[in-house]
């Protein structure tokens, strides 16, 4: 680690406030260097944090945290906040099992005012805190820090609309770096970008009036000044929109300040001190650069949004001399991306929709090959789903590529706008199940439960990569709303067909014949079920579909076996195991059933294999649980 004499003095914001304001730029440099080194070792969100260093220092320098509340939106940019609030020596554990969470977490620190992981929640949460303080007679201040990408979500504007009508002391800091994870899309980011240059017409008139007479007396000066004036007028035409930023937020009832350089920490301190003394809703528009201070991240903030590990800058810029690695087995996301392009090449009706997750959802190639049929709607999951419904009404075949955890945000639209109207929209539900380092806010553990109760829905869960392609093709051709949910990362390594074969909807398949015990497995749990079944001589059914579920297969297995074990990487409550129990009850079958899924708990973060073992869903844990269950039953009999 590089020496950091100022940063080493800081264990809390109280220590930070003892520094002279002129020392803060140096502190920012030390903090940024520390970030480069710590994230380089552990991995994690990177470019967003580099861009928020000065802003974080200034906020903690001015505001009396933890008494005053800082509410970070999404949390990608919260690492400097964690470093300054007593967690610097734990940063090497970031996103690791038993270590620091990658996002603000209330149970981790009193400085983490609100837990977060999804976008656009900060203004509403900070507004609630400000309203509570008013009712309690407290003079605490609440601050929401939100990126311009998160401002594309309707929830942010719902909160702005509400806040402007309430007499509360609230500061919203708009951290404008023209990025979310991918480049921002939509009218609002363009609107904000047009307002970075301030209105210069008044300034130009003043300069001309004051200096015109002097310039007339200097040979050649007037001609030069006229050229400068032309350049300024060109900028001024764009800057006419600057007044609109003020108008936009002031029409919501906020007093607008900005844009302000988000990397000038001393000026930020002065501005924030002024804003802290003001009453009522305030909005500070700060301009930052994602990846600031690390050229590779500045030049490619999408690639460096999050990193597994960080090469030295000099090494990263050199051509690799290593032998190319053999091609790894494809991830489920890559299987989906290839299927989508193959299907689109054969069907001009196919359109793809993503809520600001082009890279993560595997849509980069699709956008390049079919730009007219690609729609990135921004961080707007609700709109994405209803938009897909409108496309389906006119004969298009929409495919919504979305993470399981983000589909939760559009549940009403899925029910009201898609399912009740039986519109043929396919949801490619990525990151189903445990996701690892991102933790509980990003885990996809509830989709089977909340999808299978929705009328008209088809819900499928592939057990390997080829099954993923089969089920995508099958559900795409269904004249009904459908969801195919698949996990993060790679699968079993099954060879993937290039064809568009389909399977019968609502029918499972026996993967292994055994005796006495039947494993009824869904999706990613088929592989561990097969591993355990080899040791216990059990039958394994790959159900493929959670809805419609294969009642005939379940009844046949129940009548030909002594006991049943269901396995799913989803919440036990309301999940696929519950669907099996419903079938047994419907047919009056009473057999011992062991449900294996995620218990009613908040999961942790870290290595997915370790998390699955803790949840009792790794192959080793499944074997232990099943053997213990069988032993208990034998003892009882």
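Just so it is clear, glycine is given a Cβ too, placed from its N, Cα and C backbone atoms.
It should be emphasised that the depicted structure is a prediction, and the values quoted were computed from it without experimental measurement.
Quick look at what Swiss-Prot annotates:
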BINDING   76, 117, 118, 119, 149, 150, 177, 294, 381  thiamine diphosphate binding site
BINDING   148, 177  Mg(2+) binding site
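Everything Swiss-Prot records as a feature, shown here on the structure.
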residue	record	Cβ neighbours (10 Å)
76	thiamine diphosphate binding site	28
118	thiamine diphosphate binding site	20
148	Mg(2+) binding site	23
149	thiamine diphosphate binding site	31
177	thiamine diphosphate binding site	23
381	thiamine diphosphate binding site	30
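Proximity to residue 148 (Mg(2+) binding site), judged by a C-alpha distance within 10 Å, picks out 177 from the binding-site residues 76, 118, 177, 381.
Take 76, 117, 118, 119, 149, 150, 177, 294, 381, the residues named in the record as contacts for thiamine diphosphate: the widest Cα to Cα gap among them comes to 32 Å.
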